[in-house]
Amino acid sequence: MHEITITCALMRVVNEEVLRRGGGKVSEITMTIGGLQGIEPRVLESSFNLLAEDTNMAGALLKINRRPVRVFCRDCEDERVADHRFRCGSCQGSDVSVLPSQGMTVDEIVVCA
């Protein structure tokens, strides 16, 4: 269950940013997860709620967006969102490579004064 490790890293990043802004209570965090991360959003939300207790993030809403997997097709040289079989969305070719940027990003942190 690597969601706890990810939650700890998320909270560290958020806390650093909140301190950089002068502190405060976090009311909302929006993040995006790449489709290949193997993260279960509900488990991530649960671990966040548990680990955020007694911190400046307690009660904060964690919004999780999914970034679809994108591939480059060597057959038609198109870049598209991959289908569930990792085929090209244009020509249905299977000679594709997964494009980078499938990680995680913190998109927004809402801090109450």
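Here the Cβ of each residue, glycine as well, is placed from N, Cα and C on the backbone.
Listed in TrEMBL:
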type	residues	note
BINDING	HIS2	Ni(2+) binding site
BINDING	CYS73, CYS76, CYS88, CYS91	Zn(2+) binding site
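Under a cutoff of 8 A between CB atoms, and with a sequence separation of 6+ in the same chain, the neighbours of CYS73 (Zn(2+) binding site) are GLU79, ARG80, CYS88, SER90, CYS91, GLY93, ASP95, VAL96. Calculated from their C-alpha atoms, the gap between CYS76 (Zn(2+) binding site) and HIS2 (Ni(2+) binding site) amounts to 37 Å. Within the group of binding-site residues (CYS76, CYS88, CYS91), the Cβ with the highest number of other Cβ atoms inside 10 Å belongs to CYS88. Close to the residue listed as 'Ni(2+) binding site' in the fold, though at least 6 residues off in sequence, lie GLY38, ILE39, each with a CB less than 8 Å from its CB.
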